[in-house]
Amino acid sequence: MSGIGWQTLSLSLGLVLSILNKVAPQACPAQCSCSGSTVDCHGLALRSVPRNIPRNTERLDLNGNNITRITKIDFAGLRHLRVLQLMENRISTIERGAFQDLKELERLRLNRNNLQLFPELLFLGTAKLYRLDLSENQIQAIPRKAFRGAVDIKNLQLDYNQISCIEDGAFRALRDLEVLTLNNNNITRLSVASFNHMPKLRTFRLHSNNLYCDCHLAWLSDWLRQRPRVGLYTQCMGPSHLRGHNVAEVQKREFVCSGHQSFMAPSCSVLHCPAACTCSNNIVDCRGKGLTEIPTNLPETITEIRLEQNSIRVIPPGAFSPYKKLRRLDLSNNQISELAPDAFQGLRSLNSLVLYGNKITELPKSLFEGLFSLQLLLLNANKINCLRVDAFQDLHNLNLLSLYDNKLQTVAKGTFSALRAIQTMHLAQNPFICDCHLKWLADYLHTNPIETSGARCTSPRRLANKRIGQIKSKKFRCSGTEDYRSKLSGDCFADLACPEKCRCEGTTVDCSNQRLNKIPDHIPQYTAELRLNNNEFTVLEATGIFKKLPQLRKINFSNNKITDIEEGAFEGASGVNEILLTSNRLENVQHKMFKGLESLKTLMLRSNRISCVGNDSFIGLGSVRLLSLYDNQITTVAPGAFDSLHSLSTLNLLANPFNCNCHLAWLGEWLRRKRIVTGNPRCQKPYFLKEIPIQDVAIQDFTCDDGNDDNSCSPLSRCPSECTCLDTVVRCSNKGLKVLPKGIPKDVTELYLDGNQFTLVPKELSNYKHLTLIDLSNNRISTLSNQSFSNMTQLLTLILSYNRLRCIPPRTFDGLKSLRLLSLHGNDISVVPEGAFNDLSALSHLAIGANPLYCDCNMQWLSDWVKSEYKEPGIARCAGPGEMADKLLLTTPSKKFTCQGPVDITIQAKCNPCLSNPCKNDGTCNNDPVDFYRCTCPYGFKGQDCDVPIHACISNPCKHGGTCHLKEGENAGFWCTCADGFEGENCEVNIDDCEDNDCENNSTCVDGINNYTCLCPPEYTGELCEEKLDFCAQDLNPCQHDSKCILTPKGFKCDCTPGYIGEHCDIDFDDCQDNKCKNGAHCTDAVNGYTCVCPEGYSGLFCEFSPPMVLPRTSPCDNFDCQNGAQCIIRINEPICQCLPGYLGEKCEKLVSVNFVNKESYLQIPSAKVRPQTNITLQIATDEDSGILLYKGDKDHIAVELYRGRVRASYDTGSHPASAIYSVETINDGNFHIVELLTLDSSLSLSVDGGSPKVITNLSKQSTLNFDSPLYVGGMPGKNNVASLRQAPGQNGTSFHGCIRNLYINSELQDFRKMPMQTGILPGCEPCHKKVCAHGMCQPSSQSGFTCECEEGWMGPLCDQRTNDPCLGNKCVHGTCLPINAFSYSCKCLEGHGGVLCDEEEDLFNPCQMIKCKHGKCRLSGVGQPYCECNSGFTGDSCDREISCRGERIRDYYQKQQGYAACQTTKKVSRLECRGGCAGGQCCGPLRSKRRKYSFECTDGSSFVDEVEKVVKCGCARCAS
């Protein structure tokens, strides 16, 4: 009977438990989010599949993680799973049977992983799988049983892999397959047996492979022709004559095999031994092979793996679980820092595990679970800092354990209790703290003397360096905070160390007086009192820090600058019973500030700026006993303000300016009744109640008469005078603001600051926590910072369009996780750094158009990002580089975003303006948030770029070492003292010293600097060519190749040996000059003969025997007629016309783009092209604000024109005014825009860049438009009957100035070449595409050049300089003329001068007073620096050194006295002057001189010729007596 009862009870319990299991909800894995039957774990950086996935899960998202391995247990039990997303991980291994429980699986995505192979029969249990994506992996082969069991697959994607082998029958079971992608692989051959069982196949991609089109692939051509819609673009890659041919177009006879070839069915078996390793006798040896990960798919029978001395960093889950017979595993001397908890799972035979010499810091829980046979465990030379108490619980047979040389400070009691067979243990070289928690280890080692390495204590100091096994146990004791920090070490929990800048004593953490502005991140959990007083806190943020401090009881925030406490700031502080907020800057108190303080008993709010206590200020603080509001600015307390404080026993309201009007009437009676208030709070207003205790005022005296109706608790908000406020919306638009106005309500949700003068995002915006919209458009903001939008967690809309933004810092938008709309339209942004939008997870719309985006590889991420969910509407276009110009960010393929060489410096300088070196003349550049950059100029220069000299000599105008001197009495003038050998206004002329030279024997004089050189004839030498040479002397004989040298009157001649010619017999005579080589043979010269090198096919001594005749090939361009000046070039053996700018077509026969450079030009299209129902589309680019694009009609007309940069379309049917529509977009940015015009009988539609069309409908009367009139493009003729358009309001009637291309009328591309071409209309769109001429007309001068024809009153290359310069003929004496306007100027005086015209001298310090010149005199340089000008024969800074004797060439007049007349040579004469000193008592003087005749002119008008002695050589000689 009892047995039956127990059975019944067991059955009942089982039934109840079964029901509970089905009803009770299962927990969601940590970090993941669960909704219904969907589990979302994407993008969490997971390294393995999380455990505890609910059994009822139908959809599991694991994409975007770091998972490397899929094991058999990862998805065990998930029998309801239908969708599994595993793309974008690092999966390299999938164990066989990993999907065996997924009976309901329908869709599986494994694309973008690292799979190289996958086991056969992997999908055996997934009978309902119909979509499988394995693309973008590294799969090399498809084995025969790869998809066995997955018979319902309809969509199979294998593209972008490395597949080179597909075994026969691999797809045989996939009879329902509809989509198969094999493109972009390495496939060379295929068997027909692989594809002849797919009757439903509708999409098949095989292009971009290495197909070898020989006889074995002939079946594929017929197969593709029978299915013309599949296998498109499949091409042969070999043999060479078929390369690039479509397989379906190759005839069957062309599929030939050379020689004897037999086709073997491919076998895709993969070697189990890795290529880098050796395998023998069940041992896999991979030592020192540079491996970075554990090799996979090893033989399952191996018993030993040697992986030491590699670079492995991670041991993934189940890395060795397939190898059940493994006995020895060596992983020493790697870089292992991460071990999966189940890394060694299932290795029951393992008896040796070597892990020394790695970077392991912690042993995961259950790491050694189940290793019952382990005898040797080496963990030495790692960085292990803790051991869990159960780390070795299954190691009953362990003999040796080495933990030598790690970072262990303590070991929990019981850690080694399971090691029943332990014989040797190494614990030395660990920094053990020998406190009370390590006492057990000393006792253990006394009882079991197995520690042989000599483990010692590191601290405390009294036990330092003593052996643990030799210390008495009573000396192991705890003091201070040691007990708190290490008492949980058995769970690998050691509490945090004392924070930097703080002091810890017992359970008190003191961080006061440290100028902190936020709470330290790492506070020990044992903290009971936290002191943060006397710091720089302004806002207490909700960081969740108090959730980590379960023991906290008291917090001190006194003497800070706190103005606000965020909601949730104290969340988790449920145990805190005392908070001190004394001496801060709080202005109001709200209950949400103290949310989470359920146990608070004391709240100190003394000495703040609180003006009102509301009736909801202290809701939720029912435990507070003491509340101090002493010394605030409280004037009003709302009725019921203290009703929620049920435990309140002490209330301090003293030292507050209470206004005892009708709003405070309730408080007097409340104070009398409660009797919990400290002292007697007194009235301060009205005057007749001043200093009267509130509780003593009669109820009838609390009145609001005489205008005393102030109530600080009134909900009315303030509004700045510059703004308008409605509820929580504040509008401050178009007010010229440069700073944020004061008085904006704290609860503002929408703030409009557009149309102002802000240059930076106001820092004060971070104080407004409730903002959901900020509009800062149309300001002058040039820079953003990483903190521009901090603390704006609720922001939904941020508008920054039409500013001067050039650069987006990487973390500008961090924290804006709620943002939905971001507008950066109309700025100067070229690059957005990758990761800048990482936190914008809720963003649905990004406006970034009208920016010069530089779309290289660094912007590929942004293109992918906007494409992912169409977050950008297709407006943003690229400005470069190269072919990316004008491409849409949204639709351009990602592969087009490539980097070709270094990025242009102008692009890089947008985020670092100083990179472009804008500061001239060695100025120092500093980045500036408003002006982009600022230059600190060196002495002598000024201006924004330091490019303006302060006076004329600063720029060193005197060349070749000349000295600059400022002129007196002239504006900015200077004069130069030239160095010897130079003359001219700027010392730019090198004097011709050869004009009077002494070169002899017909030698040639070569001018130098203040000297000359004589270039001698071959037979002479010497300084003046005065010595004759013997050329046939042994050391000078120039004759080569044993030829004979013979002296001649003019020099020498060489008598050459046979076979050589030339002046020096140095040329081997070319015997090929008169050769008999035939048929284009190459003649090779030899000594006294030659050899004929025959072309291919020719033979004979002179190549006279010809080969069989072959027909010469002709160039493909010979009969290919390129038009309009185009050049024919050959690409891939095909002729192609390279068109000139503006032309298009196979032979460049059409002109499709023209440039309107003359504002009186237009094109005329015949009327037959335009009917009542017409669609006109064209692309335009211009910088102009106005101009006519299209015009048709007479009095009644259709006109499309530019009006203030927008497109205006008007339809005048005779009514006044004409009907008109305008585009939303402005298009005068220089970029191309698409304009589309659609006319119907009663409507006109205008669309720009594919945007929403603007329409004119329901016209006032039937149109009388003359459709027989022509259509004018780019302008119109100046006839009287179109004057109405020119005079219409807002219209200027001027012709278009810019570029028009791709004009379509009713889908027909128009050829401008067929229209009359006026002057001022040029083919193509460059170089006058941009508005380069400021006040004039651009005229192209070549394909890439241009000239500007200036308007009246302007001049310069770009017509940007006015012709009337007021500084012409100015009267500034010692200064610079500065124009004030077109008619007047002012003088900026040089240093030392003053007055209106800088004509008055001022006292000036003479720098020459500080310098002494021994043999010379002091001069001032052009920049005002003193220097010594030395006398002849002396040098040095002070002219104190005598130079050695040398001849200094001077150029001067010779002078003579003839009676009373002074005479001099008619020109300057060059001569030597001997200067310097000599040693040994000798004198410097002439060694050689000449006499030369010169003409002289005298002061009395006479002239004569006389000889003059000239010195030609100087040196040291005996002094003259």
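Cβ atoms here come from the backbone N, Cα and C positions, even for glycine.
The shown structure was predicted, so the numbers you read here are calculated from the model rather than taken from an experiment.
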Problem set entry | Recorded disulfide partner - Cys1463, candidates Cys1428, Cys1430, Cys1498, source Swiss-Prot | Cys1498
Problem set entry | Cys855 - recorded disulfide partner, Swiss-Prot, among Cys857, Cys878 | Cys878
Problem set entry | Swiss-Prot annotation, disulfide partner among Cys987, Cys999, Cys1005 for Cys994 | Cys1005
Exercise. So, in Swiss-Prot, which cysteine from Cys1408, Cys1430 is disulfide-paired with Cys1418?
Worked result: Cys1408
Exercise. Hey, which of 430-480, 710-746, 912-947, 949-988, 1028-1066 has the most Cβ-Cβ pairs under 8 Å against the domain 'CTCK' (1445-1520)?
Worked result: 949-988
For this session: Quick one: average pLDDT across the domain 'EGF-like 4' (1028-1066), no decimals.
Result: 78
Exercise. Using DSSP, how many residues in the domain 'CTCK' (1445-1520) fall into helix, strand and coil?
Worked result: 0 helix, 55 strand, 21 coil
Exercise. Looking only at the domain 'LRRNT 3' (489-525), what are its DSSP counts of helix, strand and coil residues?
Worked result: 3 helix, 6 strand, 28 coil
Problem set entry | Chain residues in Cβ proximity to the domain 'EGF-like 3' (990-1026) (below 8 Å; excluding those fewer than six residues from its ends, i.e. six or more beyond) | 960, 979-983, 1050-1052, 1448-1449, 1451, 1467, 1469-1470, 1490, 1492, 1510, 1512-1513
For this session: Please indicate, using numbers and ranges, the residues of the same chain that are 6 or more beyond the repeat 'LRR 8' (325-346) and have a C-beta under 8 Å from a C-beta there.
Result: 47-48, 71, 282, 300-319, 352-361, 363-371, 373, 378
